[in-house]
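Peer 1: Structure in structure tokens, see below.
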Amino acid sequence: MISTSVMNGGDVASCDYSSSYELIRGIADFLLSRTDLRPKIGIICGSGLGSVATILDVKKEFSYSEIPHFPRSTVPGHAGKLLFGYMGNVAVMCMQGRVHFYEGYDLVKCVMPVRVMKLCGVTHIIMSNAAGGVNEKYNVGDIMIVKDHVNFLGLGGLNPLRGPNDDRWGPRFVALNKAYDQWMRKKAKEIASQYEQPSRTTFHEGVYAVVGGPNFETVAELRMLRKMGIDAVGMSTATEAIAAHHCGMTVFAFSLITNKCVLEYDVEEMPNHEEVIESGLKQESLVKDWVSSLVQAVGNQWLMHTEKGCNGLAL
């Protein structure tokens, strides 16, 4: 139900009923009626990282445009497909591309796919993004496991949980000090040791900052972020993580460092979206292997607590 604590006698105009629980339930039912798979793991592929989906044994594919009320991505590097398939023996629901606040979508629309995954039965979600390296030790091609975030949109009052709270998603007030699952982060770091290539790729764990975009950050903004202890900056993920954690999902996120942020005024090169996509392509093999191994580990962990063959993780 919608929380009476915020609706009692108040103005509910701020509630976006185009993204109501009932509407999202309808989207989930639409998808589930067209596939027999019931995945417990969801994946969101960020800019230039859609190749992760190519290792799926796809059983059912949906274009975002054919899913009723589903938001559509308009950004290069986001294919706009929702896939049901297997990664090894693990059933997965995979978004090949996401939508962003800067495309003109309200945040409640940006997180709608996460909530659709929830109502399709997904319990664990893996999110990826392309990000700029703020930490001076980060290089292009490195991967940062997100341990925490700074949500600049939220600090400015833009939050996907804003408005009347529907208790079917989660509580009115939700703690975020454990938003990014510790076990998944630990397991991802263990697996990373198999794939780390010091001359090409280093794995880190750090703090991600989300900004509104679509412009890249100014030198002054980036200097501020570094002084605040931010390691990488991008234009997505944090709001999706908030929505996922709010509705009880286990959250893991990582950033592919696609450019080193420019913190000096006399530097000639300028960041651009083309280099984001190019960096994703260069690291696609490593990212695919690493993510696949993590998915298998999560699947095996789940099976330790469930009967083999149940819940869609392994058949």
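Each residue, glycine too, has its Cβ placed from N, Cα and C.
Source: prediction; values computed, not measured.
The domain 'Nucleoside phosphorylase' feature in TrEMBL is assigned to 40-284. Feature annotation from TrEMBL assigns phosphate binding site to Ser47, His78, Arg98, Val99, His100, Ala130, Ser236. Per TrEMBL, the feature purine D-ribonucleoside binding site maps to Glu217, Asn259.
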Peer 1: According to DSSP, folded down to helix, strand and coil, what is Asn259 (purine D-ribonucleoside binding site)?
Peer 2: strand
Peer 1: For the recorded phosphate site, enumerate neighbouring residues of the same chain (Cβ within 8 Å of the Cβ centroid of Ser47, His78, Arg98, Val99, His100, Ala130, Ser236, site residues themselves excluded), in sequence order.
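Peer 2: The answer, listed by sequence position, is Gly46, Ser73, Val75, Gly77, Gly97, Asn129, Met235.
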Peer 1: Check the binding-site residues Ser47, Asn259 for other C-beta atoms within 10 angstroms of each C-beta and report the one with the most.
Peer 2: Ser47
Peer 1: Between Ser47 (phosphate binding site) and Asn259 (purine D-ribonucleoside binding site), what C-alpha distance do you get in Å?
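Peer 2: It is 13 Å, counting Cα to Cα.
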Peer 1: Helix, strand or coil for Ser47 (phosphate binding site)? Use DSSP.
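Peer 2: Its secondary structure by DSSP: coil.
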Peer 1: Binding-site residues His100, Ala130, Ser236: which have a Cα within 10 Å of Asn259 (purine D-ribonucleoside binding site)?
Peer 2: Ala130
Peer 1: For His78 (phosphate binding site) and Glu217 (purine D-ribonucleoside binding site), determine the Cα separation and express it in whole Å.
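Peer 2: About 22 Å separates the two Cα atoms.
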Peer 1: Around the Cβ of Ser236 (phosphate binding site), how many other Cβ atoms lie within 10 Å? Please give the count over every shown protein chain.
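Peer 2: If we count other Cβ atoms within 10 Å of Ser236 (phosphate binding site), we arrive at 27.
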Peer 1: Using DSSP reduced to three states, classify His100 (phosphate binding site) as helix, strand or coil.
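Peer 2: Coil, per DSSP.
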Peer 1: Give me the CA-CA distance between Val99 (phosphate binding site) and Glu217 (purine D-ribonucleoside binding site), in Å, as a whole number.
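Peer 2: Each residue's Cα considered, Val99 (phosphate binding site) and Glu217 (purine D-ribonucleoside binding site) end up 20 Å apart.
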Peer 1: Average the pLDDT scores across the domain 'Nucleoside phosphorylase' (40-284) and report the rounded value.
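Peer 2: Its mean pLDDT is 94.
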Peer 1: Tell me the Cα distance separating Glu217 (purine D-ribonucleoside binding site) from Ala130 (phosphate binding site), rounded to the nearest angstrom.
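Peer 2: Each residue's Cα considered, Ala130 (phosphate binding site) and Glu217 (purine D-ribonucleoside binding site) end up 14 Å apart.
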